[in-house]
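One structure is given below, encoded as structure tokens.
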């Protein structure tokens with residue numbers, strides 16, 4: 001599995017702000033979008049381009065365009081919605097595929113409850129977004145679902161990842177790519193990432 005920890009100073013700065021215990025919902029939500037955007041920039045660096053001729057202001061001009069790659073953004077409900085707009089800033093024509101997964105607080109296992117996927121998944125690059133990669137259970141289950149529907153090219157974007165989740169994801173899906181702003185220390189007994197961000201879903205949606 002390709003693992004990329006994005007080292008850009010802006011990513012480090014913005015993620016650091018998100019770790020504050022004093023951060024409010026508005027600021028956390030804005031930063032989740034911004035870091036999601038920066039991760040997307042890194043994750044799409046290998047998209048193929050092709051030369052095309054267009055009519056410029058002074059006549060025909062040769063430009064580079066993305067070579068017809070179909071993309072679907074896959075936010076894992078609910079917290080993944082907080083990163084979705086950051087991806088769409090760069091690929092605004094992407095289709096949106098929604099997967100509902102929540103983690104049972106006792107077993108820590110993923111429980112699926114909703115899916116609405118784009119058509120032609122076998123032809124699309126799926127960019128799966130979720131702020132936290134903790135145990136990896138929800139992410140693995142989501143990728144299982146995408147592959148079962150024919151998707152072959154998958155990239156995962158998370159704000160923070162625990163070593164335990166990375167190891168589990170690599171064991172289950174060694175062919176995907178993982179982009180993260182930080183590889184954190186470990187999971188605590190409750191399955192939360194340390195130091196992490198707290199409950200990203202609650203912070204994005206202003207709930208407890």
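Note that Cβ sites are derived from N, Cα and C of the backbone, with glycine treated the same way.
Since the structure is predicted, the reported quantities are computational estimates derived from the model, not experimental observations.
The 5-phospho-alpha-D-ribose 1-diphosphate binding site annotation in Swiss-Prot covers 78, 103, 130, 131, 132, 133, 134, 135, 136, 137, 138, 199. Taken from Swiss-Prot, the feature uracil binding site applies to 193, 198, 199, 200.
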May I ask for the distance between residue 199 (uracil binding site) and residue 132 (5-phospho-alpha-D-ribose 1-diphosphate binding site), taken between their Cα atoms and rounded to an integer number of Å?
9
Out of 130, 199, which of the binding-site residues has the smallest number of neighbouring Cβ atoms within 10 Å?
199
Cβ atoms other than its own within 10 Å of the Cβ of residue 193 (uracil binding site), all chains, total 28
Can you tell me which of the binding-site residues 193, 198, 200 is spatially closest to residue 78 (5-phospho-alpha-D-ribose 1-diphosphate binding site)? Compare CA atoms only.
200
Taking the Cβ of residue 200 (uracil binding site) as centre, how many other Cβ atoms lie within 10 Å?
24
Find the one among the binding-site residues 193, 198, 200 whose C-alpha lies closest to that of residue 134 (5-phospho-alpha-D-ribose 1-diphosphate binding site).
193
The number of other Cβ atoms within 10 Å of the Cβ of residue 134 (5-phospho-alpha-D-ribose 1-diphosphate binding site), counted over all protein chains shown, is 25
Those residues of the chain, 6+ apart, with a Cβ under 8 Å from that of residue 136 (5-phospho-alpha-D-ribose 1-diphosphate binding site):
164, 165, 166, 167, 168, 169, 172
Residue 193 (uracil binding site) and residue 138 (5-phospho-alpha-D-ribose 1-diphosphate binding site), Cα-Cα, nearest whole angstrom:
14
Could you tell me the C-alpha distance between residue 130 (5-phospho-alpha-D-ribose 1-diphosphate binding site) and residue 200 (uracil binding site) in angstrom, no decimals?
9
Cβ-Cβ neighbours of residue 78 (5-phospho-alpha-D-ribose 1-diphosphate binding site) (radius 10 Å):
18
What DSSP gives for residue 136 (5-phospho-alpha-D-ribose 1-diphosphate binding site), in three states, is coil
Using the recorded uracil site (193, 198, 199, 200) as reference, state which further residues of the same chain have their Cβ within 8 Å of the centre of those residues' Cβ atoms, listed in sequence order.
131, 132, 192, 196, 197, 201, 202, 203
Which state, by DSSP, holds residue 200 (uracil binding site): helix, strand or coil?
helix
